[in-house]
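Reviewing the structure listed below.
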Amino acid sequence: MFAKVLMRRIGNIQFTYKTRKLSSKPRLAIVGSGPAGMFACNGLLRKSNFLVDVFEYSPVPFGLVRYGVAPDHQEVKNVINTFDAMFEKNRERLRLYCNVKIGQDITFDELTRGYDAVLLAYGSYKARKLGVPGCASKNVISGSDFVGWYNGVPNAPTPDLSASNVVIVGNGNVALDCARVLSTASSGSLRISDIPDERLSVLEKTATKDIKILGRRGPENVSFTIKELREQFKIQEWDSKLEISETDLKNLIESLPKLERKKKRLTEVLVKNTGTTSGLRQCHFLFHRVPKEVVADSNGMVRELVVENTETSKTETFPCELLIYSIGYETLVLDGVPQNENKMIDMKDHCRVNINAECPAHVYATGWCAHGPRGVIVDTQQQSSFVADQIASDFIHTRHSIAPGVDLVLNERKVPFISWDAWKMIDQQERDQGKLSGKIREKFTTFEKFLSKRLE
């Protein structure tokens, strides 16, 4: 079936790179199928006459919605239904190419020669390193790697969850997600989620009894959202508290009248949950702790984290058999994409890339790859809607094109991509298999059987 679909598409192509023929509509390539790319795509399909090809380096679509959103926050993943309807409604104008790496399988130069416009929306998926002595020790992992592992990212290494003492460095929602999943896994509450069975079985055997969430600055600087913070304090059988100084508590309380509503509500939650933890399972929120060294045992496994308490100027040592750090992301620039002195995409303005005059395509960027990792899905949606408006405006008078796309290049190089139809087959099989055990879906973590069928 896959081979027939592929050959039919190739057989219908009436152009090559050497001989371009006039098509009915201009062509747009979107690099990335996460929220930034999909929200922009949705807007452009409504506001322009583009033919759109979406490229995703993962074997399956939707980026952080599939692999980054917490498994107990399925309501956030419902945005996939919007994207699904978009693809189904626009089958004649919209195509998906998963497992295609721009910069490797297709060069950026080839992409700009194949399309009238290119929108970069591939996110920022490289975690910033902890950067202290010993940080390469075993069982020291980034928050994004841990989240990716329990969310089913293919080939993700399995952490050792026999640790009783866990330290998480970071004061954002990823840190909270990691703490919450570790806190709730053994209760069985995640069994109906979309965590793959083999990874869920590892999680449910976790021996974690003590979690320390470390902030390098004070509690007033946390980047938590109120929903995620409240969830940690409500977990049964766990006592979670902010263990802060009288000075920090006083400053938080005094700041309340001056804060805007959203920040005020968050600060009120912080103040309400200060104290000293007790009980068999404890989660400590600690601040002003700057990691200085990771201490490993003779086998290279992490055993302690040495920190500086910048509030007291003292050195502290925490027992630690699993160290998770979530201190932001590094922005990646794909090979061939212009970059500035800060090693980010060289932007001409809020959405246009500063491309050289010889480039045959207009190049745009949105989301984390354009402006750095910040905000939540709603922020991404607003930004992508703006970018879609700008692209549509730039092409308002463009009705025809000689851009050929990259189908022939992919075929000549035998790049085994997964189309929208192939993804829908995967999607249905995951849902069907999940139903057998009462789960939302049973995520696949390998896709070779789907890729190989495309080349038969």
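Glycine residues also receive a Cβ, built from the backbone N, Cα and C atoms like all the rest.
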Segment assigned the feature coiled coil in TrEMBL (from 186-213, 242-269, 410-437): 242-269
Cβ packing number for Trp368 (FAD binding site), 10 Å threshold: 25
Residue, out of the binding-site residues Leu64, Val174, whose Cβ gathers the largest set of other Cβ atoms within 10 Å: Val174
Rounded inter-Cα distance in Å - Glu228 (NADP(+) binding site), Ile377 (FAD binding site): 14
Outside the coiled coil (242-269), six or more residues from its ends: residues with CB under 8 Å to it: 218-220, 222, 224-226, 229-230, 233, 275-277, 284-287, 311
For the binding-site residues Arg216, Arg217, the one whose C-beta sees the most other C-beta atoms within 10 angstroms: Arg216
